[in-house]
Structure formats: structure tokens, C-alpha cells
Amino acid sequence: MSWLTPEIIDVLIAVLKAVVILVVVVVCGALMSFGERRLLGLFQNRYGPNRVGWGGSLQIVADMIKMFFKEDWVPRFADRMIFTLAPVIGFVSLLLAFAIVPITPTWMAADLNIGILFFMMMAGLAVYAVLFAGWSSNNKYSLLGAMRASAQTLSYEVFIGLSFMGVVAQADSFNMVDIVNAQEHMWNVIPQFFGFLTFAIAGVAVCHRHPFDQPEAEQELADGYHIEYSGMKFGLFFVGEYIGIVTVSALIVTMFFGGWHGPFLPPFVWFALKTAFFMVMFILIRASLPRPRYDQVMAFGWKICLPLTLLNLLATAAVILYNAQ
């Protein structure tokens with residue numbers, strides 16, 4: 001075992017941490033799908049899934065078994081290679097986007113000095129999965145849904161980047177750990193409230209969640225860009241959407257609500273509680289808000305979110321300049 005040097009041991013520990021964290025994220029995404037159906041049932045005065053296992057607790061397992069054994073059908077005129085590659089790209093990019101989130105001071109999949117830029121890169125890569133899925137399916141509804149999704153995602157990613165810039169300017173770092181440590185005495189949500197508001201709205205839009213789910217509007221597009229997908233390919237898109245929700249919720253906590261900081265309880269517990277709160281908010285938004293028209297969604301972004309983020313960035317720069325004098 002002479003090859004097992006301290007450096008190799010450190011690398012193995014880092015890889016093991018990353019694998020554990022990413023597996024937990026996938027499990028959290030699957031659990032959220034069950035929690036969403038139960039909470040929507042509660043909000044809408046119905047039962048929700050309650051047949052498989054005690055209180056429906058094994059519904060996730062039943063769904064996984066069903067997806068695994070469903071026919072993996074590919075449309076006759078589809079581009080088979082791109083059609084197969086699209087859900088993999090979407091799932092992997094959304095999963096890797098979580099890698100830069102620090103759960104505790106020592107637990108994170110990747111501690112990068114350009115953590116925020118890495119997240120923006122992975123979020124941008126997910127757009128290709130949607131475009132590939134819509135184009136390769138050779139279906140007009142699928143292509144229209146993909147065009148909607150790509151335009152919406154690219155638009156709202158601009159607002160995400162601008163809302164991050166105020167936090168980066170205050171913390172003087174792109175590193176997520178440095179940003180969390182800068183909130184030890186005051187959370188960023190207080191000086192950066194408009195940045196938080198814009199990021200929360202844009203995060204819902206980028207995840208294609210209600211009320212910004214026009215790319216998948218069942219009444220208009222018959223389920224949008226993944227209309228032709230079935231089996232595990234559809235499962236990757238399905239779980240990937242919930243992984244995106246977990247990632248956005250964790251980023252809200254990290255960037256604006258102090259990350260793992262909190263009194264009395266261990267850092268991991270604080271991070272988990274804060275993230276779970278915002279995941280429930282995603283579900284509550286779906287249960288309570290109507291779906292606007294697509295042109296209203298785009299107009300809201302460019303006419304309201306963009307000026308709001310620019311004003312927030314201008315005010316942040318003015319405060320930093322004043323304090324430096």
C-alpha cells in the first residue's frame with residue numbers, strides 16, 4: 001500500500017464527499033416530488049398519494065419501478081443519438097450546479113474560487129439539453145416548447161447573474177464559502193433585498209416551475225419539449241427538474257440567508273431547515289398562483305426584473321464607494 005500517500009488519501013476523501021453530497025441531492029429531489037404531491041393534496045383538500053406503503057411513503061419507489069420498466073420508446077423520425085443525449089446532459093448539468101454549494105464549512109462537493117461562475121456555466125449548459133430534446137424529437141409541440149424554454153431560461157439567467165453581482169461586490173469574492181462567512185453578523189437579504197427578490201423569481205423561471213411553466217404548458221403544448229420521452233429518459237428530465245429546485249433553494253440560502261450560520265443548532269441542521277423552507281415555498285407558489293401568458297412572462301422579466309437588478313447593483317456600488325472613502 002505504498003501508493004496510498006497522504007495526498008491520494010485527501011483526493012479519495014474529497015471524491016467520496018462529492019459522491020455522497022450529489023447522491024443526497026438526487027434523493028432530496030425524489031423526496032420533493034412525493035412531498036409536493038402530498039402538500040398539493042393538502043392545499044387542494046384531497047388525499048394525494050396514500051396507497052403504496054404506509055401513508056404513501058413508498059410512492060417514490062413505485063414510480064421508480066414503473067419508469068424503469070416502461071418501454072424506452074424512440075419516435076420513428078427522431079434523431080436517436082441527440083434524443084438520447086439530451087436528458088443526460090440536462091440531468092448531469094443540473095446535478096453539477098449543486099457541486100459548488102457549501103453545506104457546512106467543511107462539506108461541499110467542490111470548493112471553487114469561481115463558484116458562482118461555475119453555477120452560471122452549468123445553468124447555461126442545461127439550455128442545450130432542452131434545445132436538443134425539442135429539436136431531435138421531430139415534433140412541432142416539442143420544438144415550440146424547447147424554443148419557449150430556451151428563450152425564457154436565457155432571459156432569466158441574465159437577471160440571476162445581475163442579482164449575484166451585488167452579493168459578490170459586498171463579499172469581494174466569487175467563492176461561496178467566503179460569501180457565507182461574510183454573512184456571519186448580517187444576512188445579505190437585508191442589504192440585498194431586491195437582489196434576493198429578483199433571484200427568487202428568476203430561479204422559479206429557470207426551473208420552469210409554475211407560474212413560469214409555459215415551456216411545458218399541458219393545455220397549449222401537450223407537455224412541451226419532453227412530450228416524446230418515456231421511461232428512464234423522461235425520469236431523468238423529471239428528477240432533474242426537482243434537483244434544479246433543490247439547487248436554487250440551496251443557493252438562496254447560501255447567497256442571502258447566511259448559509260449554515262444560526263444559533264444553537266449544528267451548521268448542517270440550519271442549512272437543511274432553511275433549504276427545506278424554500279423548497280416548500282416552491283410548492284406553495286405552484287398551488288396558489290395562476291399561469292400568465294408567455295408574452296407576459298417575458299415582459300415581466302425585461303421590464304421589471306432587469307431595471308430592479310440594475311438599480312440594486314447601482315445602489316450597492318454607491319454604498320461600497322461611500323464606505324471606501
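Note that Cβ sites are derived from N, Cα and C of the backbone, with glycine treated the same way.
Lifted from Swiss-Prot, the feature list:
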TRANSMEM  11-31  transmembrane segment
TRANSMEM  81-101  transmembrane segment
TRANSMEM  114-134  transmembrane segment
TRANSMEM  149-169  transmembrane segment
TRANSMEM  186-206  transmembrane segment
TRANSMEM  237-257  transmembrane segment
TRANSMEM  265-285  transmembrane segment
TRANSMEM  304-324  transmembrane segment
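For the transmembrane segment (149-169), the list of distant contacts is 116, 120, 123-124, 126-127, 130-131, 134, 179, 188, 192, 195-196, 198-199, 201-203, 205-206, 208, 212, 214-216, 224-225, 255-256, 294, 297-298, 301-302, 305-306, 309-310, 312-313, 316-317, 320: same-chain residues at least six beyond its ends, Cβ to Cβ under 8 Å.
Under the criterion of 3 or more C-beta pairs below 8 Å, with sequence separation of 6 or more, the transmembrane segment (11-31) and the transmembrane segment (237-257) qualify as touching. Outside the transmembrane segment (304-324), and at least 6 residues removed from its termini, the chain residues within Cβ reach (under 8 Å) are 156, 158-159, 162-163, 165-166, 169-170, 191-192, 194-195, 197-198, 201-202.
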